[in-house]
Structures are given as structure tokens and as C-alpha cells.
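Working notes, structure below.
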Amino acid sequence: MNADAKTEIKGRERYKAGVLKYAQMGYWNGDYEPKDTDLIALFRITPQDGVDPIEAAAAVAGESSTATWTVVWTDRLTACDQYRAKAYRVDPVPGTPGQYFCYVAYDLILFEEGSIANLTASIIGNVFSFKPLKAARLEDMRLPVAYVKTFKGPPTGIVVERERLDKFGKPLLGATTKPKLGLSGKNYGRVVYEGLKGGLDFMKDDENINSQPFMHWRDRYLYCMEAVNHASAVTGEVKGHYLNVTAGTMEEMYRRAEFAKELGSVIVMVDLIIGWTAIQSMSEWCRQNDMILHMHRAGHGTYTRQKNHGISFRVIAKWLRLAGVDHLHAGTAVGKLEGDPLTVQGYYNVCREMKNAVDLPRGLFFEQDWADLKKVLPVASGGIHAGQMHQLLDLFGDDVVLQFGGGTIGHPMGIQAGATANRVALEAMVLARNEGRDIAHEGPEILRAAAKWCKPLEAALDTWGNISFNYTPTDTSDFVPSVTAA
């Protein structure tokens, strides 16, 4: 692109031409210095052959703010210079020819307060199907404090949840009921009881268990809460079960949540696929009713997994913290689901830190101040077992829920034994860590020593000790070493 093609055309000349390049319409400004109140989006773009990357970046800025395909005279009726998003930086993606990181700044006035639906309608509403781009991915986003303060965030938060459960200094343990579909209400409740009695803190509905012919939702809630109450009485610990209230309408979701509350549940669950407005609505209900809100990220892989097109999960995690969830499935790194260890740690940092620093290896391109918004408790779930306890504790620390579904329900000695194996493995590993031992390297030895006194743990290690899912992650962090928010 020549210099003239990058220079904004102003005044009457602007409105004589029917079609101008986006850079000429003012959507590119290489000298722009983002304001503290600007929202900044980092896109990975793959322009079509022959499309200049600066023009492609300007097109992204234009189509995600005020532009259309031609000049419109009604621009003159607005403060268009303020309302236009501004692409201000383009960097080649290291080691990936034809792809570029482009930085786009948006004035805060473009967005409705406290609405993820409005934010996403602008940022991702149109540009991802734009013909001049082969592909586009939203890699990261800096949310200005003034905008963050318009959201209420998680209804409970990590600190209050731990106080309610009276459990501190170690990860929480959970399991997803298996098989996820097909059990009767009574058998489902028995699985819940066995897991909780064996030592777990939580049991969980899976993403697609709602109200099917084989088990009506009311039956499941009744049997599950009977199991929770019985296990709590037997163990003397506060227990819970994530009751999935996901349904076809908000009215039905509220109906189910109210019934869960009447039964004494401390937590309800929704799936990501219900949409942003529904998520924020359920978060507000939980805030008003002192309930913990668990978020299952069902469906996220359809747009987060591929590196060249879609949305990074770190951005989804940021939006969900704003929207207000207390728990969020954020990957395991060592389990069966996609996840590079450093990238997954970046997701956890988004959930748990009060201020994120720039951390390029973990995919965090911007500083992010969360303005006292409560923390989200990440959940590690999917293909993990007791033999990986040292890796999980070393990677993620204490503030995490470790959920062993198959690693509990599939134990050769039964469900309760599976839960006990996980509890003993965790307690042994936390004790070793607190004594100053190097659990990352001594973990297998520590587990085997504990297994001498715990037959369920011994059986778990014999069954799964060598099981791992060693695949090359598709989503790893690419970065330019000099990248900063400016």
C-alpha cells in the first residue's frame, strides 16, 4: 500500500468518492497513543493474497466500529473521529508467514455499560466473515478499569466460597457423574452419595444432562440433594452438587434454580452455550440468592481451539469474569482436552489475579487491572486421575477445583474408593509440598509411599498410573518479544 492509500482523506473530498480504502477513511493511525480509557483488542489476521496488512487491520477496525463498505454522508452528523476504532500497530506473527497481529483501540463511548452482548456484537459481530480476510482470531483484549467497573463480576468469589465451605489451603475436589446420560434419578443420586462420602467436596452434573425422558430434572435434584445432605451428615463436611439449570428458556432456568435453592443447594450450574445475556441474568439471580454459579464451557472448542480463526479462551475467560461466574472450566494441561501448560496457566491467571501483568509465554499481551472484581475459581476437568496429582498441584496451586470424573467413577474398587484415592493423593501431596519437598519431581514417589497405607490409592495408581494424553497442543502462544499494550 502506498503512502496516499494510508493517509486519511478529510473534508469535502472524503464525500465525493463513493468507495475509499479503510485506512483512508481514518481507521488506521500508526501514530495513535491509546488512552487509559480505550478498550484494546489484539487480532491475529490472515489477509487475502494481495491485501496489504495495514489495510486489513484498518478494515477490522472499521467493520468492528462505525464503517460500512462505502462512504456515508451521515458521518458528518456524528463525532465520527471519536467513534471510529483505530488500528495503530501491525506486527508479523513470528514463524507464521502471512499472519499478522493487529492492535485496535476503541473509545469507551462505543460500548453499553455492563453488557457483554453489546461488547461482542461490536468486536466479533461482523469482522470474522469479512472477505478481505482469510481468517481472523481475537487473541487478547485490554479492558479499561472504567469499563470493568460497570460489571458486577462473580456473585460469590473464591474467598467467600471457601468460608462457606470451611475449606482452606488446598484445592477442592470434585467429580462429574458418569455415565453422563442414561441413569435413573435414584441411581444418579447413589453415584453422588458414594463420591461425596468417599472424600470429594463436590459432585457435578455434566453439560448435557438437563431434563430427558430417562430422568426428569426434579427427580435428579431431589435424589442429588438427598445424597448431599446424607454425605454431609456422615462426614461432618460441607458438601455440594452442581445442579445444572440449563434449559430452553430463562423462565425455565429460573424455575429450576428456585427449586434447587428450596432444596438447600449451595451451587447451580449453567452451560456456556446459553449465551451472554442469560449468563449475566443467572449471575444476578445467584447474587440475589447467595448461590455459587458454576460455568461449564460447553461448546467453546468450536471457536477457541484453532490458532488462526476464532477467539482465544483467554478472552472468553475475561468476558466470563465480567459477566459473573464463580467457577470456570479452564483446562488441565495434563488431561484429555486441548491445552498447552503455559497457555492454560494464562487462563488461570485471568481468573485468579487481581491484576494481570504482561506475560507473553502465557498469552497475556496486556496488563489488566480487575478493579477489585471478585476472583473466579478455575476448574481442571477432563481425563485426569490420582497419578497426576503432583502435576496438577504444581501447575495450578491451591485455588482450583480438581474434578476426576472417570478417575473416580471408573475406579476398580468402586466409586467411594475412587473418591478416597483422590482425597488421599491430594492430602499427601499438599503435606509434602508444605514440608518443602519438590513435588514436581518427587510426586510419583510421594504417591507410592501414600499408597502403602491406602488400598484405593494403590489400585488407582496400578490402573491409571502410566496413563497420559501426549498430543501436540494446537493453541500455543506466538508473540513478538517487544510487544506491549502501547
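Glycine too: its Cβ is placed from the backbone N, Cα and C atoms.
What Swiss-Prot says about this one:
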type: ACT_SITE; residues: LYS178; note: active site, proton acceptor
type: ACT_SITE; residues: HIS296; note: active site, proton acceptor
type: BINDING; residues: LYS204, ASP206, GLU207; note: Mg(2+) binding site
type: MOD_RES; residues: LYS204; note: N6-carboxylysine
type: SITE; residues: LYS336; note: site 'Transition state stabilizer'
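Location within the structure of each feature annotated in Swiss-Prot.
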residue : record                       : Cβ within 10 Å
LYS178  : active site, proton acceptor : 16
LYS204  : Mg(2+) binding site          : 30
ASP206  : Mg(2+) binding site          : 20
GLU207  : Mg(2+) binding site          : 20
HIS296  : active site, proton acceptor : 26
GLU207 (Mg(2+) binding site) - helix vs strand vs coil (DSSP): coil
In sequence order, the recorded positions (LYS178, ASP206, GLU207) whose C-alpha falls within 10 A of HIS296 (active site, proton acceptor): ASP206, GLU207
Mapped DSSP class for LYS178 (active site, proton acceptor), helix or strand or coil: coil
Structural state of HIS296 (active site, proton acceptor), classified by DSSP into three states: strand
CB-centroid shell, 8 A cutoff, Mg(2+) site LYS204, ASP206, GLU207, site residues removed: THR176, THR177, LYS180, ASP205, ASN208, ILE209, TYR242, ASN244, MET269, HIS296
Spatial separation of LYS178 (active site, proton acceptor) from ASP206 (Mg(2+) binding site) - C-alpha basis, Å: 8
Euclidean distance between Cα atoms of LYS204 (Mg(2+) binding site) and LYS178 (active site, proton acceptor), Å: 10
